[in-house]
């Protein structure tokens, strides 16, 4: 059956199609948008809310849906028991339960050999059965097998050293059967069992408290790399512990930091005493299990493995009972235990304080191993586990186990893998395995006493080996994420070198540190505009990104906190080539001094009584000012490109009102040309300077094109900074203080700072922390980045510098001395920089209204007017869409502030916008050039803007 062709061509059809949209709306900032559109809830706490309506009443009622959800959370077994699919899951659960139960029997028998403590195996069996039932009811992992784990029990060796029995031979690795007729042996043995029960009880209480207090959320912050590394280290510890069964030798087992290498050395020293029969049996089991991986069985399309572990346990147990094999088994260990079963008793509460440290260590390791293993298994089957519920479940298991004077229980790594791969789908498999284990231990325990320990070691190593294969994924993990690879290596090495308990603490601490660094190390991108669109992308990603003259756009890609806010400020200052200068004490005092104190400054000492409450300390406006970085005068200059002249005659008068200008031509860029002398241009319009502008010939026009740097353009100075907060979800209180001071400092430097794409949650955070005042209002917050850019372009650009001429192509550089810079910044301290398109903000009343011109030559006219006042007869061409024969007719004007009257538009404005320099040199064109230019203008008139707003007409000054 072939799929529908329409479905196949869906992606191709829509990939080839292009969609356009045309939206007409005003430029919105946060202030006028909230005025026009009503919000559902108040954004600040100082607004009265009418709670008389029914929708605001708190409804405290319990529905059946909520009750059922709460019941299924506390008792997860109800979900799988009520919806159990017998036809699909029953056979797999039975097969997995039989495999797990048969493997658990020899593990219980040989546990005393590894844990160096002799507990009646029937007590451990009863405790394991109760633990499986409890976890089946309260646990959330479907394939988890609960039981004793040697590595967890080995952490209690320090407790056994304080309460030894049998003269401590077990701890030294020598198994000598004690004299049961000695009464002191029973006293020491019972005291040792009481200590183990106390440790297990306190461990369960700690885990139960952690689950009820919700400490399971910590697992959500532990990355997958840390979990994988910890399980790999656990697998390596398990492999090392099984060397006792593989080689048939006993060593003095060590625990704690560097114990891993001490045990390796002890095993190497004991290799001459290794049992060859045990090694051969181990290799036989490994080969059989390896071949078994090639056998594929599926039941109802669910893959399962052949239960080879069942045949190995039953086969070698039967063979060893018929044939005497010279290998290590559990028979000798069972003969050293004085009791076959001890009835449950209440643990001793008097020594809980003595085992507090060991219990806390066991609680961390056992709960972490259970949760990590559960998350790993659940990720394979695409479901989630509840970490808090698992902590409660394992805590109850250990509390119940303490009454049987058993070990601490956790997730058994090898049996969990066996239950998963043999088809176990729900906790019903664990219940089946626990029932089979208890039944066989009560009726047929001696049948398994002669089972070789090497067979059990082969089964365990074969099943935990896949967790160690994660080492092979390190190269790919390094290529994907270096931070995760670093977490993996640190977790693995700490768990190996320092042990599972201390290594766990180090791994979690390091993972939290890396996550904190990643979350607070924000990425600041400099954005530009994709031509003819409202899309803004980073300059590092796209080649056609265009810079907007006078505007810098910074995108913050993370939360802004006290950690990275200074990096944001430093990045902004670097991009706009400015440095921060700390204010002096006199300048800070001037900021905080009140007007009424000016009359009493002459008094040295004043004494008066003031019984009123002390007023709150004034807000720090800013503690530093921003200045252009020294050595980069290009940030302080305005470059204007003029036409080429053959001669220049200047008549000038020196006075204090004149401003120095340096005329730099193309000869300054090339040492082959002669240097240009400095001239003085008058700043007073009453004074004039007469310059003759001869017409350039065709030869000179062609020569102009060959001048070096003749086509270079330099952007105007920065007047607006836009911060894109569309990816910012949090701004803390300290970061808001730094941002507020940064806004004020930039305002003092005549640079306006706008925020775009600010989330409502961040806006409420700004309001709660009193971010807005008379100088910073919501008019500086824009809904989108394009709104902020349009507003920045609608503002009047900085006034262009005076014009001068030279015999060659001339570039005028406006320079100021350091004293003039400081005086200019002081004059502009109280000057505001923002004017909302729709409403005025009260904090910016000192700034005169920007002149919104209908034509696109705002700065051009002021430059032409100055040039005419100084006697400069210039003919500037802005490459605008006008008729070729249209010319600017000179006008004699006495007033410098006279505005240029708007001319009616001859044709619609073009749709394409390109941002270039404001001024270009006019070059007399030949008729051929004029005709070609006219044709390009006609072609550009074919694309018409969908709409034209009066508020954006000043933006045409950047359109060429």
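Glycine too: its Cβ is placed from the backbone N, Cα and C atoms.
Annotated compositional bias 'Basic and acidic residues' per Swiss-Prot: 818-827, in sequence order.
Per Swiss-Prot, the feature compositional bias 'Acidic residues' maps to 884-904.
Annotated compositional bias 'Polar residues' per Swiss-Prot: 926-935, in sequence order.
Taking the Cβ of residue 190 (N-linked glycosylation site) as centre and 10 Å as the limit, one finds 16 other Cβ atoms among all the protein chains shown. The feature N-linked glycosylation site is assigned by Swiss-Prot to 190, with sequence analysis given as support.
The annotation region 'Interaction with RACGAP1' is assigned in Swiss-Prot to 662-957.
What Swiss-Prot lists as region 'Disordered' is 807-857 (among others).
Swiss-Prot lists 881-960 (among others) with the feature region 'Disordered'.
Summarising the annotation, Swiss-Prot assigns topological domain 'Extracellular' to 161-201 (among others) and lists sequence analysis as the type of evidence.
Positions annotated as topological domain 'Extracellular' by Swiss-Prot: 290-353 (among others).
Residues 77, 80, 84, 88-89, 91-93, 95-97, 99-100, 103-104, 107, 135-136, 139, 142-149, 231, 234-235, 238, 299, 302, 304-305, 307, 309, 369, 373, 377, 380, 433, 459-460, 463-464, 466-467 of the same chain lie 6 or more positions beyond the ends of the topological domain 'Extracellular' (412-427) yet place their CB under 8 Å from a CB of it. Feature annotation from Swiss-Prot assigns topological domain 'Extracellular' to 412-427 (among others).
Residues or ranges marked as topological domain 'Extracellular' by Swiss-Prot: 475-494 (among others). Beyond the ends of the topological domain 'Extracellular' (475-494), by six or more residues, the same chain brings 223-226, 228-230, 232-233, 502-503, 506-507, 510-511, 514, 518 to within a C-beta distance below 8 angstroms of the stretch.
Here Swiss-Prot flags 94-114 (among others) as transmembrane segment, drawing on sequence analysis. Non-local neighbours of the transmembrane segment (94-114) in the same chain are 121, 124-125, 128, 145, 147-148, 150, 153-154, 241, 244-245, 304, 307, 309-310, 313-314, 330, 333-334, 337, 407, 412, 414-415, 418-420, 422-424, 428-437, 440-441, 445, 448-449, 451, 453, 455-456, 459-460; each lies 6+ residues outside the stretch with a CB under 8 Å from one of its CB atoms.
Counting residues 6+ beyond its ends, the transmembrane segment (118-138) has Cβ neighbours under 8 Å at 74-77, 104, 108-109, 111-112, 144-148, 170, 189, 193, 196, 333-334, 336-337, 339-342, 389, 392-394, 396-398, 400-401, 404-407, 409, 427-428, 430-431, 433-435, 437-438, 441-442, 445 in the same chain. The annotation transmembrane segment is assigned in Swiss-Prot to 118-138 (among others) on the grounds of sequence analysis.
Packing against the transmembrane segment (140-160) from elsewhere in the chain are residues 76, 80, 100, 104, 107-108, 111, 114-117, 124, 128, 131-132, 134, 171, 192, 195-196, 199, 234, 237-238, 241, 253, 255, 355, 358, 361-362, 365-366, 369-370, 373-374, 377-378, 381, 383, 385-386, 389-390, 393-394, 397, 406-413, 415-416, 418-420, 424-427, 429-430, 433, 500-501: each is 6 or more residues past its ends and has a CB under 8 Å from a CB in it. Per Swiss-Prot, the feature transmembrane segment maps to 140-160 (among others).
As annotated by Swiss-Prot, transmembrane segment applies to 202-222 (among others), with the evidence given as sequence analysis. Counting same-chain residues at least six beyond the ends of the transmembrane segment (202-222), those with a Cβ under 8 angstroms from any Cβ of the stretch are 352, 355-356, 359-360, 362-363, 366-367, 371-372, 375, 386-402, 408, 508, 511-512, 515.
Using a Cβ-Cβ cut-off under 8 Å and counting only residues 6 or more beyond its ends in the same chain, the transmembrane segment (223-243) has close neighbours at 114, 150-151, 154, 249, 260, 263-264, 267, 368-369, 372-373, 375-376, 413-414, 457, 460-461, 464-465, 467-468, 470-471, 477, 484-485, 487-492, 495-496, 500, 503-504, 507-508, 511, 515. Marked as transmembrane segment by Swiss-Prot on the basis of sequence analysis: 223-243 (among others).
In the three-state DSSP scheme, residue 190 (N-linked glycosylation site) falls into the helix class. Across 391-411, 428-448, 495-515, the stretch most heavily in contact with the transmembrane segment (354-374), judged by Cβ pairs under 8 Å, is 391-411.
Contacts between the transmembrane segment (269-289) and the transmembrane segment (454-474): present, as 3 or more C-beta pairs lie under 8 angstroms, all at sequence separation of six or more.
Using DSSP to sort the residues of the topological domain 'Extracellular' (290-353) gives these counts of helix, strand and coil: 24 helix, 6 strand, 34 coil.
Under 8 Å from some Cβ of the transmembrane segment (454-474) lie the Cβ atoms of residues 103, 106-107, 110, 228-229, 231-232, 234-236, 238-239, 242, 245-246, 248, 277-279, 281-286, 289-290, 309, 312-313, 316, 327-328, 413-414, 417-418, 485, 488-489, all in the same chain and six or more residues away from its ends.
The average per-residue pLDDT of the prediction over the topological domain 'Extracellular' (290-353) is 85, rounded to a whole number.
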